[in-house]
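These features come from Swiss-Prot:
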type	residues	note
DISULFID	Cys47-Cys70	disulfide bond
DISULFID	Cys51-Cys66	disulfide bond
MOTIF	47-70	motif 'Twin CX3C motif'
Amino acid sequence: MDGFGSDFSVGGSSSGKVDTGAIMEQVKVQIAVANAQELLQRMTDKCFRKCIGKPGGSLDNSEQKCVAMCMDRYMDAWNIVSRAYNSRLQRERAKM
């Protein structure tokens, strides 16, 4: 197999037609997963750099609290920006 079509079904029809709606939905899901992974990676990197001065075998209490608070703030900020962006997109689409 070439890897591209391995996760896609052709819609279960015997006619051989590709179900483009199903493929589009799978692509959307894969993009959403990739975006979530990127968000988590960025958040982890930023909070690690901010909170962990000298990496060691374990985190002390203050580092644990810093990482937890940093991640909470990061997610809060991301949610605010995401809502504002989606709201703006909806307004722009309504103008068209």
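Backbone N, Cα and C atoms are what each Cβ position is placed from, and that goes for glycine too.
Owing to the predicted nature of the structure, the values given are computational and were not obtained by experimental measurement.
Each residue contributes its Cα atom, and for Cys66 (disulfide bond) and Cys47 (disulfide bond) those atoms are 8 Å apart.
The Cβ of Cys51 (disulfide bond) has Glu63, Cys66, Val67, Cys70 as same-chain neighbours under 8 Å, each 6 or more residues away in sequence. Taken residue by residue with DSSP, Cys66 (disulfide bond) is part of a helix. Per-residue confidence over the motif 'Twin CX3C motif' (47-70) averages out at a pLDDT of 95. Just so you know, the Cβ of Cys66 (disulfide bond) picks up 18 other Cβ atoms within 10 Å once every protein chain is counted. A helical conformation is recorded for Cys47 (disulfide bond) in the three-state DSSP classification. Sequence-distant neighbours of Cys47 (disulfide bond) (same chain, 6+ apart, CB under 8 A from its CB) are Cys66, Val67, Cys70, Met71, Tyr74.
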